Structures are given as structure tokens and as C-alpha cells.
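For reference, the structure discussed in these notes is given below.
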Amino acid sequence: MESKIVVPADGQKITVNADGSLNVPNNPIIPFIEGDGIGVDVTPPMMKVLDAAVEKAYGGEKKISWMEVYCGEKSTQVYGEDVWLPEETLTAVKDYVVSIKGPLTTPVGGGIRSLNVALRQMLDLYTCLRPVRYYEGTPSPLKQPELTDMVIFRENSEDIYAGIEFKAGTDEAKKVISFLQNEMGVTKIRFSENCGIGVKPVSKAGTERLVKAAIDYAIQNDRPSVTLVHKGNIMKFTEGSFKDWGYELALNEYAGELLDGGPWVKIKNPNNGKEIIIKDVIADAFLQQILLRPAEYDVIATLNLNGDYVSDALAAQVGGIGIAPGANIGDGIALFEATHGTAPKYAGQDKVNPGSLILSGEMMLRHMGWTEAADLIVKGMEGAIAAKTVTYDFERLMEGATLLKCSEFGDAMITNM
Ligand SMILES: NC(=O)C1=CN([C@@H]2O[C@H](COP(=O)(O)OP(=O)(O)OC[C@H]3O[C@@H](n4cnc5c(N)ncnc54)[C@H](OP(=O)(O)O)[C@@H]3O)[C@@H](O)[C@H]2O)C=CC1
Ligand SMILES: O=C(O)CCC(=O)C(=O)O
Ligand SMILES: [Mg+2]
């Protein structure tokens, strides 16, 4: 297939050193996927704000060379019908090490499976990292939204997102049901003649690498606890094992000790000698406690579906998914993306909040070691919200706010840097 990617002439690749650290040139080429729906609205301000922050922080010494790569609806326009995820996009995201994407549409029921999930699985980006913090002045349904300060580590490669499911009535579904009944002695499938079947793989290796990433983050960032969120009382050998393997990892790899006889574990932060508590909570209880006692939770390690639900719920507590950032991270490669989707009813209206993708870009700059530019983006966000110059999602909940378009909010962030 003919290449459609135009490599900028004036940039270099980021590379990964043997110890896993990044080698970032002053003029890195960063691939971006515009995204479907509101991707067309939020991606341009994201690039503009990042460029302005880099320019202000480094006075022209550093600069991003953006390189468009394609996925989703735009890919079908550029490459032709049915080409949703071209091979050269995957190759670029791998080769250029750090990239960023807008949201991509997934039809409900039939049609293609999620391209977002496909990117994560094909590139083995096993951690979905979603920090949740409060910006002063943001409208929130909570009385004390500033107490919500959590960092979600969502397992990104397993669980029912593996897409192993069979439609009711198909030969495949009948075959799986017959195997379960006749070879595994399963008697509990109600209405087995017309039943869809899904499979939920959760492995020890997959759990360990995710929980390790969460504990390492807590160590590096001086955080007091890591909570394993699961539904292990019901799904004993998937979600329950996730909890058991997480505790075992803390005990065996971090010289953990049982706290009051267990199951909670304490480990010592080797950087400062402080205790880090590894604890667990059942997912439904967690969802009420994050509203009632958010200060008790800090770093969160959880499975794929729980992490999806928890991400939007926590985002709502601090102002909504309009400003909820995220990253998909593997060993070496990172693909940054907003927590929200394509919000099709707002597509092309220059209306929605670009904050989620911009703050994902802020995470990207920090990941690259460009902390001065990242700090300016945080300052720009704080300033724009404090000045009550905001997009519709905040304006409708704030008194005396000025309503800005999507692109204008990006400009307001730049003014406040
Ligand atoms: N990673 C990804 O690419 C993701 C893709 N998706 C896909 O996106 C599509 C639409 O999904 P849907 O469930 O509607 O979820 P969306 O996140 O797209 O939108 C749900 C609602 O969230 C609010 N919202 C979303 N983005 C913004 C923003 N930038 N600024 C302000 N408010 C925002 C809007 O609320 P209000 O109506 O109150 O204004 C919107 O109606 C689906 O195809 C889904 O599969 C979903 C999630 C993630
Ligand atoms: O891939 C999708 O369409 C939805 C993904 C999603 O909701 C998420 O990653 O949070
Ligand atoms: Mg989601």
C-alpha cells in the first residue's frame, strides 16, 4: 500500500535507551491521530497549546515536529474504504515511541471492534494511566472536590476487552455452550439455546506488570497507598486472582509485610523510608467510597472494565471528562489520549472542552522530560479556569462565567501561561 504519511523534514525520532529511559532530541517528530467526531475540534488547540508552551519554556531551542498518521474514519478517507487501522500507523506509533491521539468511534452491537482497544492490544500498551486531580474553581457535584486526587492504573490488554465473545444463536456460541455443558459439567447457563457468550481472560503476568507499574509510580511519586480494585467476591479466578497476585507481588518483589495479619500489605519506599500501604476494595464499594471518602484513595490498580467505569466516575467528581487526561503506556512506547470519546453530537462545532486532550499532551511533555513546558500547561489551565473563561460544560455549572469556544479555550490557556 502506498504510504500516506508525510515525514517532516526538520525533525528526529525519539529513541529508547537500554535502561528504558528516553532519548529526546530538541526537535522530536511526534505522530498524532486527529480522531473522529470532536477530534477535529480538540486536536488543533492541543497542538497549538503544546507548541506555545514549548516555545515559551525553551525560547525556540526545542520544538515539536507534528506528523499526522491515520486511524478511524479519516483513515478510510485517506486509504480507502475498510482501512480503519493501516499497518503504517502502527509502525509509526512504534518507531516514533511517543504519540498522541484523539478519540475514535466504536459502533455499539455490530460493526468494527474498538480501534482504541486494538491500538492498545496490538502495541501491548498494557497500562492505561489516568490521573484525576482537581483544578481550583472547577464546577463539581462534590462539597470538597479537592480531596479527589487519584491516579488510575487500568489494565489495558486483558479482561473482557480481549473481544472474545460469540453472538447468541451462532454456531460458535452453540459450540462453546456445548463444550461447557458436556465437557466441563456446567449446568448454570440459563436459556442456553439463545445465549451470547463472552470470555474474560486475566493472567498472572498481565496482572503483575500492571500492579508493578502502579507500585513503582507510588514509590517514584511519594504516594501513600495503592488500592487494588476488583470484584473478586463474584469473579473469583479472574478479579479475585488479580487481587491475590497483586498482594503476592507486593510481598515478594517489594519485601512487603502483612499489616495486622493481612490481607493489607505495607512496603517501604526505598527513596525516603516512608510506608506505602497496598490494600484492596471491592469495586461496587469503591464506587460509593470515592464519593463519600475520596481522601482515602490514592493510586488505583484495577482491571480493564472496572478501570473504564472508574475513569469516567472519578472524572465527573472533578469537573467531568472534558478535562480528564490519559495515556496508554507499554515497555518503551506511549500513546497519549483523552478519556472521553467522540461526542458525535458536538462534532465540528468548535464547542467542546479541549482540556482533556491538552492535559494528555501535558502528560506527554512530562513523559518526554519537558517538565518546564508541562508546568506551563498546568498554569494555563489553572489560570483559564480561575478567570472563569471556560467552555460550555463548565460554563453551564458556573456563576458569572464567560462562555468560550473550544479553540478560544486553547487561546485562553496560552494567555494564562
Ligand atoms: N478512547 C476513545 O477514543 C473513546 C472512544 N469512545 C467512543 O466515542 C463514541 C461516543 O461515546 P459516548 O459514550 O457518547 O461518550 P463521549 O465521551 O464521547 O461523550 C459523552 C458525553 O461526555 C461529554 N463530553 C465528552 N467529551 C467532552 C469534551 N471534550 N468536552 C465536554 N464534554 C465532553 C458530553 O456530555 P454532555 O452531553 O453532557 O455535554 C458527551 O455527550 C463511541 O463510539 C465510543 O465508543 C468512548 C470513550 C473513549
Ligand atoms: O474504545 C472505545 O470506543 C471506548 C473506550 C473507552 O471508553 C475508554 O478507553 O475509556
Ligand atoms: Mg471509557
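Just so it is clear, glycine is given a Cβ too, placed from its N, Cα and C backbone atoms.
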Per TrEMBL, member of T89, T91, T105 binding NADP(+) alongside H340, G341, T342, A343, P344, K345, Y346, N353, Y392, R396: T105
Site extent for D-threo-isocitrate, whole Å (max Cα pair distance, S114, N116, R120, R130, R154): 19
D308 (Mg(2+) binding site) - helix vs strand vs coil (DSSP): helix
Rounded inter-Cα distance in Å - G341 (NADP(+) binding site), N116 (D-threo-isocitrate binding site): 10
Inter-residue Cα distance where the pair is N353 (NADP(+) binding site) and R154 (D-threo-isocitrate binding site), in Å: 24
